[in-house]
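Report on one structure; see the data block that follows.
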Amino acid sequence: MTVRIIGAPTDYGQDRRGVDMGPSAIRYAGLSDALSSAGVDAADAGDLTVPRAEERNPDARTPSTGTAKFLQEIEEVTTALADRVADSVAAGETPLVLGGDHSVAIGSLSGSARDAEIGAVWFDAHGDYNTPSTSPSGNVHGMPLAAVLGHGDWEGVEWANAPGLSEENVAYVGLRALDDSEREAIRDSEMTAYTMSDIDERGITDVVGAALTVAGDGVDGVHVSLDMDWLDPTIAPGVGTPVRGGVTYREAHHAMELVAETDGVRSMEVVEVNPVLDESNETAELATELVASAFGKRIL
Ligand SMILES: NC(=[NH2+])NCCC[C@H](N)C(=O)O
Ligand SMILES: [Mn+2]
Ligand SMILES: [Mn+2]
């Protein structure tokens, strides 16, 4: 199996600078070697070209509601990313996107879903199901799932919609921080949502197994989206929107080991690593380890 590494060094989806350095931090943590030790061929396509915010639209950082900040920039980045991801899948590879903030998922998912039906497992503290009118922050990293599914204001926004992904094949794992409107929208949707409480009650093995089944049901493949704030901030401090009560080190590894066992992984992304907020690159190192587990690395 060839894993095609695609860096997406963008921070346009949120307010805390530095997450654009995520791809460097993850490579520096030894991603290629970790993938080789998992037994896959790693081919690094380098980074997408992302224009600096300072050159573009500095005023757009002013907090606002009723909007989606840097939407023009995000459209440019994610449409370029979608092409790279689609090309990689078409070449028989498995693309691995390195964020960047979670807005990159718009590109990963629409690229992976081009000419195909896919499912998605969303490992995240957050629902990322806001629309410009429901978002409390205007940050697009809180909206990518709504965008690709065409929910609310995102309906008919062609560059952002991924018609090959339907709600029935989306499963969240580890939710614990939802905005009120988001909570309602997720309940009303056809998506399956496993919260941290479900993990407490059923255990990680059961929950991840169920999520993979939902995502993989009747589709051509599954996209795995790993937001590093899914983990507890004590082990993954280098993220912009940390939330207490996340999964442990072992739960995370075991979840990724289960991902590797499915065989159906079509594409993956690891996002929200912010080296500026990190402690000696430990979040990037953990991201690297988890990716290796997701691609088959085993203890014995
Ligand atoms: N990918 C993330 N870290 N998303 C955090 C989203 C936080 C909040 N729900 C918002 O929409 O602003
Ligand atoms: Mn998150
Ligand atoms: Mn997220």
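Glycine residues also receive a Cβ, built from the backbone N, Cα and C atoms like all the rest.
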Further binder of Mn(2+) 1 named by TrEMBL next to His102, Asp227, Asp229, taken from the candidates Asp128, Asp198, Asp200, Asp263: Asp128
Asp124 (Mn(2+) 2 binding site) versus His102 (Mn(2+) 1 binding site) - Cα distance in angstrom: 10
Asp229 (Mn(2+) 1 binding site) CB neighbourhood, other CB atoms within 10 A: 27
Additional residues around Mn(2+) 1, ordered along the sequence, whose Cβ is within 8 Å of the centroid of His102, Asp128, Asp227, Asp229: Asp101, Asp124, Ala125, His126, His141, Gly142, Ser225, Trp230, Thr241, Val271, Glu272
